[in-house]
Structure formats: C-alpha cells, structure tokens
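Enquirer: Below is a structure I'd like to ask you about.
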C-alpha cells in the first residue's frame, strides 16, 4: 500500500489537488469528460505495454537464435544448447508466475472477466511486470502460446492502475476503465481496433455494464492503443497474405459444412484444454519444485522442436502465410494440425503465461486450407480457392471456442485485410457457433474462469486441514 501511495503522489505531485478533484468528479461521480480522458490515458499506456511486449518477445526469440548460431552453439552440441536455452527461458516464466502472481498464469482474460464481475482482484503492480517478463520467457522459449491474452490482461491491469492513481471510487467508472484497458490490449496485440471493441461488447457481455459512456470509453481506448501500435510498428496488417475475392455463390454451402466441423471440434478442443490443465495439476500437485521442473522440461522440449520441426512451435502467426501460399500438401497440413493441437494443449494446459488466440488461428488456418484443397480436388466443377477456406477457418474456430462470432469475423478481416470475405466468414462462423451450442459446449473463457473459482474454493476448504 505504501508503494502505491508513493506512485500516486509522484504522478500528482505538481497538480493542484482541487484541480484534480474538479476534473475527475462532480461530487462523487466522475464527469463524462474525465472518464473519456482517463480512457485515452489507459489506451495509450495499454498500447505502449502491448506493443513493446511484442517487440520484447521478438527480441528474445532473435537473441535465442543468434546464441544458437554463434557462441553457445560452438561450445555445446546444438540440440543440447537449444534445450538449455529454451528450458531456462521457460523457467523464468513459470517461476515469476508461481512466486509473485499466480493469477498471471495462462491467458489472463478470465481474470479480467472475473474482475469485471467483482469476484477477482487486480493486483496490477504484480500482474503487469510478471506477465510482461514471464511472457517474454515463455513465448521466447518457442512454446505454442499467443501474446493476445497477456496484452489483454496487462491492458486491464493498466486500466485498474489508472483508476487507483486518480483515486476513482465510483464502481461504474472503475469497471469501464478496466474494460477499456482490455480492449486497448487486444487492439495493440493484433492491430485490430474493431475486433477489440467487439470483444469487450460481445465476449465479455455477461460482465460488461452497457452504457453510453462505457462504450465510448472502450472505443477511445482501443483507438488510442491502435494509434500507438501503428506509430511504432507501422500500418501493415499483422498477417501478410494474398487478397482474395469473394467466392462463387454455388460454393457457399461448403463454408457452412466447414463451420459445422469446426463447431464439433471447438467443443472437443475446449474440453481437452480442461483435461490438459487438470493433468498438469495432477502431475505437479501444486508443489513449486515439481511445477518448475515440469515447466522447464516442457520448455526444453520445445527448444528441441524448434530445431527439427519449427512448424509445431511458436504462436503460429508466422506459419499462416506459408500455409496460404500453398507450401504444404494436404497430408502434411493434417499432420501439422494434429501436432499443433497436441502442442497447444501441452503449453496452454501447463499454466505458462501466454494466450491461445494465435494458436487457435493457426489451427483454423491449417484445417481450413486442408478442407479447401480437398474440396478443390473432389469438386472440379467449382472454382475453389483453398486460401479462402483457410481464412474462414480462422474465424470459425475462434467463434466455436470463444463463442464470439462477430469478434472472430472482425479479427480475421483486420489481421489479413481480406474485407471481401465477410460473407463466407459470417456463414462459417455462425455455423460453428450454432453447432457448438447444440452440442452444449461452453465458451472457453467462461469455462476457465469457472475452473479457477472452483479450484480456489477447494484450496480454501483444504486449508484448515493442512494447517491442522
């Protein structure tokens, strides 16, 4: 608490207290202008954190590669050096999470949703550094994780930090700025401001308190974060790939079929994630040493995979252009799909600080392109472009697992600049959502939050017995 007070005083030291009070609130309720101004601050900071997090992860990955090529690779066998470097990087991520902020494990998005429901606390002074540096280690080791979950959680933590610095007491304002930070984080992760806004409005709809001021705050935060991202990284799309034209109307039924298949897989995939998480808990039994040893070994394994099968490692964003350029046969695509399903479950299920958006997009691309290539062979009468099915698959798997079809559609369009494919994306994503709902599947982040709350309750019940 003392450190937090020092932060507040240092920020506001040269601003008259009366001016702060007049700006932030009118009575006990913040003014609309002050909320939007704070949302702009949140978006700017979330954009900086998210953008430099991406830069930091790339720096770690490039440095790891350079070390293998030069100093360490010349002293030790290459395979051993790869295992040691990636294992050490993974250890950093697991240790920081376990020691300082257990809530920073995994994606972090369920934690923000829980905070919006006032059932999870946001220790921003711990979460931001732990997620940033822990994520650098985990993602830099080559594990199959995405950066969007960390940036959303760090963005939400930035929103809570700003409300604490400005001593905002109004619950609705604190809620709005928390959601604004999450939107800013996603906008900075994927250069996708529209998807970031819709993610809060659609995926977080059970927790989000709809009002004109809260919507405006989310929009402003996403815009500011995206401006920061583009100012630093440029205005190119995150994924470089061909620009496709809208497919023939006669082939639209294939997109519905593809969406249905993804609907089935999405339900199975979500259940497999829970099974993987429970399996890792059963393996290390919440013992710190066993947890760190398990994570370090897993990181070392992915260091080895980086040398021999790099397609099975990393978030997968870099793999997507190779897929859509037709560099792999159908059989290879299927094997890569199965392999990346396994590696995604291993990495995300282990509790490493990383997200699952990017790995899911890669999985959707793999299966979607394989489906499109197969359809092109079996239906020569139709003009089929497999790359279109790859893009549709990205949105469909996101929609089936996260249960946010509009967000998935916007995310894919913004990331690939393929605006002409909105119709097949809608058909595929809605088909996936409908099938997933019919099968009774739960949205992934609601499922993860429920599991976290359940495990916390069980630990609290066991605490008196252990103390006794």
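Just so it is clear, glycine is given a Cβ too, placed from its N, Cα and C backbone atoms.
Swiss-Prot lists these features:
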type	residues	note
INTRAMEM	109-116	intramembrane segment
INTRAMEM	177-189	intramembrane segment
INTRAMEM	193-201	intramembrane segment
INTRAMEM	387-401	intramembrane segment
INTRAMEM	405-416	intramembrane segment
INTRAMEM	417-421	intramembrane segment
MOTIF	106-110	motif 'Selectivity filter part_1'
MOTIF	146-150	motif 'Selectivity filter part_2'
MOTIF	355-359	motif 'Selectivity filter part_3'
SITE	203	site 'Mediates proton transfer from the protein to the inner aqueous phase'
TOPO_DOM	1-32	topological domain 'Cytoplasmic'
TOPO_DOM	70-76	topological domain 'Periplasmic'
TOPO_DOM	117-123	topological domain 'Cytoplasmic'
TOPO_DOM	167-176	topological domain 'Cytoplasmic'
TOPO_DOM	202-214	topological domain 'Cytoplasmic'
TOPO_DOM	233-252	topological domain 'Periplasmic'
TOPO_DOM	282-287	topological domain 'Cytoplasmic'
TOPO_DOM	310-329	topological domain 'Periplasmic'
TOPO_DOM	377-386	topological domain 'Periplasmic'
TOPO_DOM	439-468	topological domain 'Cytoplasmic'
TRANSMEM	33-69	transmembrane segment
TRANSMEM	77-100	transmembrane segment
TRANSMEM	124-141	transmembrane segment
TRANSMEM	148-166	transmembrane segment
TRANSMEM	215-232	transmembrane segment
TRANSMEM	253-281	transmembrane segment
TRANSMEM	288-309	transmembrane segment
TRANSMEM	330-349	transmembrane segment
TRANSMEM	355-376	transmembrane segment
TRANSMEM	422-438	transmembrane segment
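Show me how these features fit into the shown structure, please.
Expert: Among residues of the same chain six or more beyond the intramembrane segment (109-116), those with a C-beta under 8 A of the stretch's C-beta atoms are 103, 122, 127, 149, 152-153, 156, 160, 175, 178-179, 182, 204, 206-208, 355, 445-446, 448-449, 452-453.
Here the intramembrane segment (177-189) has Cβ contacts under 8 Å with residues 35, 38-39, 42-43, 45-47, 49-51, 54, 109, 112, 115-116, 122, 147-148, 151-160, 162-163, 168, 195-197, 199-200, 204, 208, 214, 217-226, 228-229, 357 of the same chain, all six or more residues outside its ends.
Same-chain residues lying 6+ beyond the ends of the intramembrane segment (193-201) with a Cβ under 8 Å from its Cβ atoms: 179, 182-187, 208, 210, 215, 218-219, 222-223, 225-226, 404, 406-407, 410-411, 414.
Residues 237, 241, 243-247, 388, 391-392 of the same chain, all 6+ positions outside the intramembrane segment (417-421), place their C-beta atoms under 8 angstroms from a C-beta of that stretch.
Summed and averaged per residue, pLDDT over the motif 'Selectivity filter part_1' (106-110) gives 92.
When Cβ-Cβ distances below 8 Å are used as the criterion, the motif 'Selectivity filter part_3' (355-359) is approached by residues 107-109, 144-150, 152, 189-190, 273, 315-317, 340, 344, 347-348, 398, 444 of the same chain, each at least six residues removed from its ends.
DSSP assigns residue 203 (site 'Mediates proton transfer from the protein to the inner aqueous phase') to a helix in the three-state reduction.
The DSSP breakdown of the topological domain 'Periplasmic' (233-252) into helical (H, G, I), extended (E, B) and coil residues amounts to 5 helix, 0 strand, 15 coil.
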Enquirer: Taking pairs 6 or more apart in sequence, does the count of Cβ pairs under 8 Å between the transmembrane segment (148-166) and the transmembrane segment (33-69) hit 3 or more?
Expert: yes
Enquirer: Does the transmembrane segment (422-438) come near the transmembrane segment (253-281), with 3+ Cβ pairs under 8 Å (pairs 6 or more apart)?
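Expert: Since 3 or more Cβ pairs under 8 Å link them, the transmembrane segment (422-438) and the transmembrane segment (253-281) do come into contact.
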Enquirer: What stretch of 33-69, 77-100, 215-232, 288-309, 330-349 shows the most Cβ pairs under 8 Å to the transmembrane segment (124-141)?
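Expert: Counting Cβ pairs under 8 Å, the winner is 77-100.
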Enquirer: By Cβ distance under 8 Å, which residues at least 6 away from the ends of the transmembrane segment (330-349) in the same chain are close to it?
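Expert: Long-range Cβ neighbours of the transmembrane segment (330-349): 106-107, 143-145, 269, 272-273, 275-277, 279-280, 298, 302, 305, 309, 311-313, 316, 323, 356, 359-360, 362-363, 366-367, 369-370, 373-374.
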Enquirer: Of the listed stretches (33-69, 215-232, 253-281, 288-309), which one yields the highest count of Cβ-Cβ distances below 8 Å with the transmembrane segment (77-100)?
Expert: 288-309
